[in-house]
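Peer 1: Before anything else, here's the structure in question.
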């Protein structure tokens, strides 16, 4: 991202668009030899479906400086603050909202098709708890 016209609000917006609660660090870096980058447009549009239309490709980053954004990480198994329990969920075949059930995992075997084998619960960054019959 080109730093021309960039604010901390843009960093927060980028992170929220990717499902994080916000940004925790924005660095301005100088890069040489970058042919194309994204640049913030003058007319800022809000709303999830319009967010990416705020950025346009450019071959002219006037400042020659670019943005590196680090996003806040949600705690494993913790819902984001915007989740409403009345939203649709897995029961009765409804599609779950992204980040609505962050401790749930789909367990696949190497020879499985795309539908997967079983569900599981994330208990740490290295372990998934699932039923014994799910493991060959």
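For all residues, glycine too, the Cβ spot is worked out from N, Cα and C.
Taken from TrEMBL, the feature disulfide bond covers 61-71. Among the features that TrEMBL reports, domain 'SRCR' is placed at 1-93.
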Peer 1: Take the Cβ of residue 61 (disulfide bond) and count every other Cβ within 10 Å, whichever protein chain it belongs to.
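Peer 2: Cβ-Cβ neighbours of residue 61 (disulfide bond) within 10 Å number 18.
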Peer 1: How many other Cβ atoms are found within 10 Å of the Cβ atom of residue 71 (disulfide bond), counting all protein chains shown?
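Peer 2: I count 19 other Cβ atoms within 10 Å of it.
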Peer 1: On the 0 to 100 scale, where does the mean pLDDT of the domain 'SRCR' (1-93) fall?
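Peer 2: 74, rounded to a whole number.
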